Structure formats: C-alpha cells, structure tokens
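Peer 1: Mind looking over this structure? Questions follow.
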Amino acid sequence: MEHKETGCQQPEGPILCINNCGFFGSAATMNMCSKCHKEMIMKQEQAKLAASSIDSIVNGGDSGKEPIIAGHAEVAVAQVEVKTLVAQPAEIAGPSEGVTVNPKGREGPNRCSTCRKRVGLTGFNCRCGNLYCAMHRYSDKHDCQFDYRTAARDAIAKANPVVKAEKLDKI
C-alpha cells in the first residue's frame, strides 16, 4: 500500500527502444537505449558545431556575438561539376608516328631480363628500365647501361647550387 501512496510505480514491463534496435530503453533516456541516446546527443552536438562554424564563416569570423540556437540547421550545398579530360596515348604521340603504345605495359608474366626466370611480384625494376630477379638485380650482375655516377653528380649539383658572393671594393 505504501507504493500507491508515494506515487512510485514500477513499470508494467520492459520498454523496447523507440529506434527498434532490439535493446531496452528507459524513461530517463526518452525510451531509448543507451547507445541510441548517446548517438542522438552526438548528432545534436555536431549540428551545433556545424551551425556555429557556418555562422562564423558567413559573418566573417564574428563568432560569439550571437547566441546559437539548438535545432535543425539548414545548409545549402552547391553542386559542382568536375570535368576531366583524358588524353589517349595515341593522341599525345600524334598519328604521324608509327609507334604503337601498349596501355597494359608488358605482355605475359614478369620475367628477369637476363635469365628469363619468372619473378612475379618479387621482381626488381632497375633504372635502366628492365626487370630482374633477386640474383641479377644489382647493376654489376646484369651489365647495366645506366650511368649512376653521372646521375648522382647531376642530382648533387642540382640540390646544392653554387653560391658566389660579389667582390668587395677596396676603400
């Protein structure tokens, strides 16, 4: 009898979440489960942040002068058309040249240029432009025609330009 007098009543049964997620909700979380309630709060906070950032952008950085009202923010998004131009390799080379360009690159399996062994994905590309196995990957093992010394000299000269000061006049 004391329960009826104080006004505390137990619920008749467990209440399912209003989002139909399968969990039980409570009156403290607006008949939502804890997960759905947390997601709803996060969405409201993100909407507030979005509204304040849009307001600061529109007003030129005058944030904090006007109060932000919690609610739904309507945002207009402009559609941007992106046009890409794709040039075919034959168009770049020109129709007058008799060179055929293979868009795939190499035909068939990847093979070492020296021993013709199948290398698959473990092949090593050399600076001379060929593919080699683990045994022939070094330049001294496959008679590489690439001049590493000149390439390194040019790279160092490009990275470190000569700085020369003007001569000073004597007084």
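Keep in mind that glycine also has a Cβ here, set from the backbone N, Cα and C atoms.
If you look up Swiss-Prot, you'll see CYS17, CYS21, CYS33, CYS36 marked as Zn(2+) 1 binding site, on the strength of sequence analysis. Residues annotated as Zn(2+) 2 binding site in Swiss-Prot, with sequence analysis given as evidence: CYS112, CYS115, CYS133, HIS136. Annotated Zn(2+) 3 binding site per Swiss-Prot: CYS126, CYS128, HIS142, CYS144, in sequence order. Look at Swiss-Prot and you will find 11-45, 106-152 tagged as zinc finger, backed by sequence analysis.
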Peer 1: Neighbour count, 10 Å Cβ-Cβ cut-off, for CYS17 (Zn(2+) 1 binding site): what number do you get?
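Peer 2: That number is 20.
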Peer 1: For a quick check of packing: other C-beta atoms within 10 Å of the C-beta of CYS128 (Zn(2+) 3 binding site), how many?
Peer 2: 14
Peer 1: Between the Cα atoms of CYS17 (Zn(2+) 1 binding site) and CYS133 (Zn(2+) 2 binding site), find the distance and write it as a whole number of Å.
Peer 2: 62
Peer 1: Tell me whether CYS17 (Zn(2+) 1 binding site) sits in a helix, a strand or coil according to DSSP.
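Peer 2: Assignment for CYS17 (Zn(2+) 1 binding site) reads coil.
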Peer 1: Among CYS33, CYS36, CYS126, CYS128, CYS144, these being the binding-site residues, pick the one whose CA is nearest to that of CYS112 (Zn(2+) 2 binding site).
Peer 2: CYS126
Peer 1: Given the binding-site residues CYS21, CYS128, HIS142, CYS144, find the one whose Cα is closest in space to the Cα of CYS115 (Zn(2+) 2 binding site).
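Peer 2: Closest by Cα distance to CYS115 (Zn(2+) 2 binding site) among the binding-site residues CYS21, CYS128, HIS142, CYS144: HIS142.
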Peer 1: Quick one: DSSP breakdown of the zinc finger (11-45) into helix, strand and coil?
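Peer 2: Residue counts for the zinc finger (11-45) by secondary structure: 15 helix, 6 strand, 14 coil.
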Peer 1: If you measure C-alpha to C-alpha, which of CYS21, CYS33, CYS36, HIS136 (binding-site residues) come within 10 angstroms of HIS142 (Zn(2+) 3 binding site)?
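Peer 2: Those near HIS142 (Zn(2+) 3 binding site) - Cα within 10 Å - are HIS136, in sequence order.
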Peer 1: Counting Cβ atoms within 10 Å across all protein chains shown, which of the binding-site residues CYS21, CYS36, CYS126, CYS133, CYS144 comes out on top?
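Peer 2: Result of the Cβ crowding comparison: CYS133.
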Peer 1: Quick one: of the binding-site residues CYS21, CYS33, CYS36, CYS126, which has its CA closest to the CA of CYS133 (Zn(2+) 2 binding site)?
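Peer 2: Among CYS21, CYS33, CYS36, CYS126, CYS126.
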Peer 1: How many helix, strand and coil residues does the zinc finger (106-152) contain under DSSP?
Peer 2: 8 helix, 6 strand, 33 coil
